[in-house]
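Visitor: If you look up TrEMBL, you'll see 11-21 marked as compositional bias 'Polar residues'. According to TrEMBL, the region 'Disordered' annotation covers 1-28. If you look up TrEMBL, you'll see 76-97, 109-132, 153-179, 199-216, 228-246, 266-286, 306-326, 346-377, 456-479, 485-503 marked as transmembrane segment.
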Amino acid sequence: MYAHFFRNADSPLNQASGTSEAHSDDDSTDSFHHISIMTVQESDSMTPVNGNGLANGKNGKEVKKYSSQIELKRRIGLFNGCAIIIGVIIGSGIFISPKGVLESTGSPALSLGMWLFCGIYSMMGALCYAELGTMIPKSGGDYVYIHEAFGPLPAFIFLWMALVIVNPTSLAIIGLTFAKYTLKPFYVDEVVPDEVCRLVAATVILLLTAINCYKVRWSTRLQDVCMLAKVGAFGVIVIAAIIYVGKGNTQFLTYEKLTANTRYDPSSLAMAFYQGIFSFSGWNYLNFVTEELKEPNKNLPRAIYLSLPSVTIIYMLINLAYYTALSSESVLTSDAVAFSFAAETMGFFAFLVPIFVGFACLGTLNGIIFACSRMFYAGARNGQLPELLAHINLQNMTPMPSIIFLGGSSLVMLIINDIDMLVNYVSFAESAIVTMGVAGLLKMRLFDRSHPDRPIKINIIIPLTFFLICCYVLVAPFVQKPTELIVAAILIASGVPVYYIFVKWTKPACITEPWVKLTHFVQQVLLCVPDEVVKN
């Protein structure tokens, strides 16, 4: 099988390798990259194509010829969009963050208020991103918006945060949570060994990476199933809590129990927000796959309007359910809050909780791999990441190199097993990213008129309020946990020298030529080609 890659003569690979392909000037009607693959049975040479789309081989034998436009296809509908948002948001966070939120707020009542505030905050951000996504209908999410508003350097800083902190760390956290809960029934009276947790987490990440590489339909179907399973599972938890309270177990629902030890200092509230907002991570992920969304001007805002209120209500009910059966002390000392709740209220059926958590984590892992691989794809397409990450597998039409890179980098983050520290890193980096994104919206609304076509235009008070909240939550936590956040800030700032060394600097041939050979080798192994605009 032979693959012929028709590339733009000005592309980075062609410049580096010193090659240039001639393009036919006649009949150049398509602006997209075309690939022809021929299976030659008795000849090593290219053969002419007859009117039936079959190549004429030696001895008159016909050889099948495939030709297709290499681009991401619009295969995501409204239900799939809701499944991506709900599936990504409702994951491991609701099983990790209740402990962190309660630790910072001090009382169940204030922690419930913080969960509501995180939901409102996410809804405000989602409204801002609905305007951005319909105004700039390109895949890549925050990266594309920051690039449009502020240029290449801030956009690269965002990519750097996503590469180094946000996405690999998020996948590691969720993978470890999946492993901890699914293995808990086998270690009821003891702590699950770290080595076993990491092995199971790595296995499930590799499995989902393979699914996303192979077929988009499998990935979206898995996301739909996980979303429905998760919503149903949380319904079971809420019903179990109602039955438990109906039996007269209200000892933890008194005013004194719900409000004791409340902490109102600003730094503690900001840290509680970090823990809570981690559970809402993913409200902007549908913007990463805008180019694959059917009717994005309609389905993007509709998916947001349906998904965010649903998630907020579910989270409020789940946390309230926890506090019907567990004291504040029990929540703070438990290493698996949902499992402790099930053991107290569900009796024999407590074994179902690890299954529920498994579905929740699978949906989130799958959604992040699916959506964030498109962000790296968009960054590479703009020349700010290696061009290889902008390639699409020819058979499955998936950005396979980006998916493999994301899955592989998350395996490295499994070395760290302090989940609370990882959560703080992710929340700080994501807050910085969202702050840059909404600042871009404000800039384009107030000072830049280069995007007059706005299918959605929200009230300017919403992005202004959201921006001010973002600034506060970025600064306030430094008072309470300066060391962790300073480390995160240094990692983010390190993107500046990386940009000038690896992106702006014109590298000599001794560096570019081996990289081009490696790129061509990976192209052959993965059967992938670049999605770039060329004229035949």
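Using N, Cα and C of the backbone, Cβ positions are placed for all residues, glycine too.
Note that TrEMBL annotation is computational and uncurated.
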Visitor: Using a threshold of three or more Cβ pairs below 8 Å, and leaving out pairs closer than 6 in sequence, do the transmembrane segment (306-326) and the transmembrane segment (266-286) count as in contact?
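Guide: Contact between the transmembrane segment (266-286) and the transmembrane segment (306-326): present.
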Visitor: The transmembrane segment (199-216) and the transmembrane segment (346-377): do they have three or more Cβ pairs under 8 Å, with pairs 6 or more apart in sequence?
Guide: yes
Visitor: Using Cβ atoms and a strict cutoff of less than 8 Å, what residues sit near the transmembrane segment (306-326) while being 6 or more residues removed from its termini?
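Guide: Beyond its ends, the transmembrane segment (306-326) has Cβ neighbours at 82, 85-86, 89-90, 94, 98, 108, 111-112, 115-116, 118-120, 122-123, 126, 231, 234, 237-238, 240-241, 244-245, 249-250, 252-253, 258, 279-280, 283, 334, 337-338, 340-341, 344-345.
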Visitor: Output the single range from 199-216, 228-246, 485-503 maximising the number of Cβ pairs under 8 Å to the transmembrane segment (153-179).
Guide: 485-503
Visitor: Quick test of the contact rule: Cβ under 8 Å, at least six residues beyond the ends. What residues does that give for the transmembrane segment (228-246)?
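Guide: Same-chain residues near the transmembrane segment (228-246) but 6 or more away: 86-87, 90, 253, 314, 317-318, 320-322, 324-325, 338, 341-342, 344-346, 352-353, 355-356, 359-360, 363.
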Visitor: What residues elsewhere in the chain lie close to the transmembrane segment (485-503), defined as a C-beta under 8 angstroms and at least 6 residues from its ends?
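Guide: The answer is 152-153, 156-157, 159-161, 164-165, 383-384, 424-425, 428-429, 432, 477-478.
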